Amino acid sequence: MATLLRSKLSNVATSVSNKSQAKVSGMFARMGFQAATDEEAVGFAHCDDLDYEHRQGLQMDILKAEGEGEPGGDDSAESPVEGDIHYQRGDGAPLPPSGSKDQALGAGGEFGGQDKPKITAWEAGWNVTNAIQGMFVLGLPYAILHGGYLGLFLIIFAAVVCCYTGKILIACLYEENEDGEVVRVRDSYVAIANACCAPRFPTLGGRVVNVAQIIELVMTCILYVVVSGNLMYNSFPGLPVSQKSWSIIATAVLLPCAFLKNLKAVSKFSLLCTLAHFVINILVIAYCLSRARDWAWEKVKFYIDVKKFPISIGIIVFSYTSQIFLPSLEGNMQQPSEFHCMMNWTHIAACVLKGLFALVAYLTWADDTKEVITDNLPGSIRAVVNLFLVAKALLSYPLPFFAAVEVLEKSLFQEGSRAFFPACYAGDGRLKSWGLTLRCGLVVFTLLMAIYVPHFALLMGLTGSLTGAGLCFLLPSLFHLRLLWRKLLWHQVFFDVAIFVIGGICSVSGFIHSLEGLIEAYRTNAED
């Protein structure tokens, strides 16, 4: 018993000493005598955990020893030490060593992916290309209509900024451990946001990102319904079917999405849809090139429409949004060191293709350019191209819809005692009836929005200004400054601050003008 007490008192004294040193170091760091590091904060919290576990383990071991009698031998002095953490953790799992924080998180499944197949840089680039070269490229010529050459410059500028913010967002996933090695300590955009708001508001940042993500995903679903109704209405103008009726028909086709449990069935069509979209873009460009002798170069302006141009900014920014899934993508790459190179060539390719597509399309139709550029095509070609685009939109809808449902369920229904509502799934994994009703309600909500606000460009500009600028410009630069401030060079600080300021101005002005445009369009429709 005496040996046991001496061992415990020695452990407690060591723990208290380490804790005191950490407190003193943190106090002097806050007073400015030493630059505090994140590793010190982690070590400080680790000392608290060890101290608490030692005290609890000591009390339990003393009670156990008194109940069983005094054991003899050397083994009895060591066995309670192994039980210190057992009393704190019901599963008996030992506390991971402080030097393997990333390994512990990975083993626990938070970072996961150890047993998952990794993707190459080319496959990762294909995913990024799909995200930033999607159907919403069709709205870029409309942005050139109101922005002229400045709109072309913004396509290039947005590509450069989004590429940079994607890189600094990934940099926020990493920290140096006590050995000076750079290790991955976070796994998602939400984890980065929570780290920035800790310790006072450890979940505030994640909730802000989740809200922005849900808004962007739901608005993407609405845009797919809007563009489907718009394309079908303009493809068959002779039929006595309005655009709203086509949107209702499209939603009826999409209603089975509420029963989705995974995207395995839909993912089979993703490659075919993407290839079809590239073919459609090539067809549009080929038609425009066939009319090159009639291009209206004089219509491309150096001045801008002050009222319409902020909407163009939102359209351009929304077409580049991919930051929300970049942490997961980088974590699943075979060679994460190739991430920067992959971001460079994907955004360069996107910049070139988007710029050429927007310019040649606007030169072809000039002031007659419509919100969805395929509506400008001749009747025979327009019907075929639009049918392909409608098929792609309908097959693309389940992806953001399923992602939005997952975020909602994880945020509101799957946080244990902190959940706002009961779980959507029964014990056997089946979806409850009210959970299915919630999903159907989300599909109907996208339909109602598409019916009452059937304006593709304005909705796209509103979403890009509200969530696109926030997720692509504001938050990455802010998180980079917050988490890596002590390691940044002066030009990195300048870039981050400049992006935050410019992004904030563009976001506010674009949101206001897009909202004004929607209100004006709604009043016009009401009068008609």
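Here the Cβ of each residue, glycine as well, is placed from N, Cα and C on the backbone.
The region 'Disordered' feature in TrEMBL is assigned to 65-111.
The compositional bias 'Acidic residues' annotation in TrEMBL covers 68-77.
Under the heading domain 'Amino acid transporter transmembrane', TrEMBL lists 118-514.
Feature annotation from TrEMBL assigns transmembrane segment to 150-174 (among others).
Here the transmembrane segment (214-233) has long-range neighbours at 135-136, 138, 241-247, 249-251, 254, 321, 324, 371-372, 374-375, 386-387, 389-390, 393-394, 396-397, 400-401, 403-404, 407-408, 442, 445-447, 449-450, 453-456, 459-460, 462-463, 466-468, 471, meaning same-chain residues at least 6 beyond its ends whose C-beta is under 8 angstroms from one of its own. Taken from TrEMBL, the feature transmembrane segment covers 214-233 (among others).
Positions annotated as transmembrane segment by TrEMBL: 269-289 (among others).
Per TrEMBL, the feature transmembrane segment maps to 309-329 (among others).
TrEMBL lists 341-363 (among others) with the feature transmembrane segment.
What TrEMBL lists as transmembrane segment is 383-408 (among others).
According to TrEMBL, the transmembrane segment annotation covers 436-453 (among others). Using a Cβ-Cβ cut-off under 8 Å and counting only residues 6 or more beyond its ends in the same chain, the transmembrane segment (436-453) has close neighbours at 218, 221-222, 225-226, 229, 244, 247-248, 251, 254-255, 257-259, 401, 404-405, 408, 424, 459, 518, 521-522.
Under the heading transmembrane segment, TrEMBL lists 459-481 (among others).
Remote same-chain residues near the transmembrane segment (493-512) are listed as 161, 164-165, 168, 310-311, 313-314, 317, 461-462, 464-466, 469-470, 472-474, 477-478, 480-481 (criterion: CB distance under 8 Å, separation of at least six residues from the stretch ends). The annotation transmembrane segment is assigned in TrEMBL to 493-512 (among others).
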Contacting positions for the transmembrane segment (150-174) when only residues 6+ beyond its ends and CB under 8 Å are counted: 132, 140, 143-144, 182-187, 189, 191-192, 195, 302, 304, 309, 312-313, 316-317, 319-323, 326-327, 330-331, 339-340, 343-344, 347-348, 350-351, 354-355, 358-359, 472-473, 476-477, 479-480, 483-484, 495-496, 499, 503
Remote residues contacting the transmembrane segment (309-329) - C-beta distance under 8 A, at least 6 residues beyond either end: 119, 124, 127-128, 131-132, 134, 136-137, 139-140, 142-144, 146-147, 150-151, 154-155, 158-159, 162, 165-166, 169-170, 173, 186-189, 191-192, 213, 216, 347, 350, 354, 457-458, 460-469, 471-473, 476, 506, 509-514, 517
Candidates 341-363, 383-408, 459-481; stretch with most C-beta pairs under 8 Å toward the transmembrane segment (269-289): 383-408
Long-range Cβ neighbours of the transmembrane segment (383-408) (under 8 Å; 6 or more residues past either end): 134-135, 138, 210, 213-214, 217-218, 220-221, 224-225, 227-228, 231-232, 234-236, 250, 253-254, 257, 260, 263, 266, 269-270, 273, 276-277, 279-280, 283-284, 374-375, 377, 438-439, 442-443, 446
